[in-house]
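As recorded in TrEMBL:
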- 79, 80, 81, 110, 124, 128, 255, 259, 260: L-histidine binding site (BINDING)
- 1-311: domain 'Aminoacyl-transfer RNA synthetases class-II family profile' (DOMAIN)
Ligand code: ATP
Ligand code: MG
């Protein structure tokens, strides 16, 4: 049996990596007073239709939609921002704080062609700063993405940034772009011709070289932006310069979701070929209002955890295995003192593994040797009768007796001298 196409099991050894990423993100975000939020994986289909935009890839091709038993239209969430915006409105988070800084980490679902760095169930770490319109908030979120990448020892990344203006500015630009692209209709396939009429901005990030060439002389979005948009963008850039965060202005960066305005950005890596974007985000001032909430200008980003892990697998998996106590017990006795010993190990927070095999003592010791444990606690008939533990040091093959009345002292010694 295999998992569904485009889905993966995350095995115990990988969970260690996930925990590291979560801890690093949590520590950095906590200092900036970003609080974790978890939203349901299931949402009303209409929520995403309202927010993401009808002519986007997500809405057209990638959503996992189904009807539940009461024929309600349900969607497995394809991204986090819309759900966080919905939660902000449903729970009236705006009543307590004017500005809400939130983060999440969890699975998203998109029906895409699975390949390296592209799954149907994948995980995103995301942050959303809700309620501020000033450029510092754009810079704060971008800086946090960079901080997290740097804490994970990423060096080979590239920040691309653009201003996509307001909805009104884009409307005028779209007309100009469509007019320009229509002149080259005969060079395009049916899908692209359709895109020119429905969502011409998406043509801008087309990877085809011939289309890229045509785009060189296409009208530029920045020429359609008014002073407010341009000032906002310049402020963001000036702050990035002050912070020494290198960036490239990419005029053709538009992002796949309709709800963005002003700042749009992506962080790319040179290490993955097609799936080279690890983080994408931007400002979305009207999303919450469009979903029925109060006017709440916002900005945020999402990072693909699987892509992070592919690039940095060497950084993650070299963690040393912690020493653990291996407990061996004879199962034909009045062995209940084992629970007293375990309770003490818990008190001292010493990790242990209880052998549950029902094999004889010798076989269990052999097993401990085979899996390269260092310290065994052996509880055989004599030990249980006389209330002591035989401690076997497997690396030196030496043994010692520790009576239960001395156990506290011995565990302290282990914890602070041996297991550190
Ligand atoms: P792409 O252009 O690669 O499809 P996107 O623009 O659709 O990315 P976003 O919606 O901005 O991606 O999501 C943010 C991040 O989530 C991406 O930069 C990527 O790291 C990750 N991501 C998106 N889709 C997938 C997927 N199907 N599998 C794994 N990671 C993904
Ligand atoms: Mg995509």
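For all residues, glycine too, the Cβ spot is worked out from N, Cα and C.
Feature map: annotations from TrEMBL on the structure.
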residue: 79; record: L-histidine binding site; Cβ within 10 Å: 21
residue: 81; record: L-histidine binding site; Cβ within 10 Å: 27
residue: 124; record: L-histidine binding site; Cβ within 10 Å: 22
residue: 255; record: L-histidine binding site; Cβ within 10 Å: 20
residue: 260; record: L-histidine binding site; Cβ within 10 Å: 27
Filtered by Cβ distance under 6 Å to ligand 1, the binding-site residues 81, 124, 260 reduce to 124
Simplified to three states, DSSP reports residue 124 (L-histidine binding site) as strand
Residue 81 (L-histidine binding site) falls, by three-state DSSP, under helix
Largest C-alpha distance in Å for the L-histidine site residues 79, 80, 81, 110, 124, 128, 255, 259, 260, as a whole number, is 21
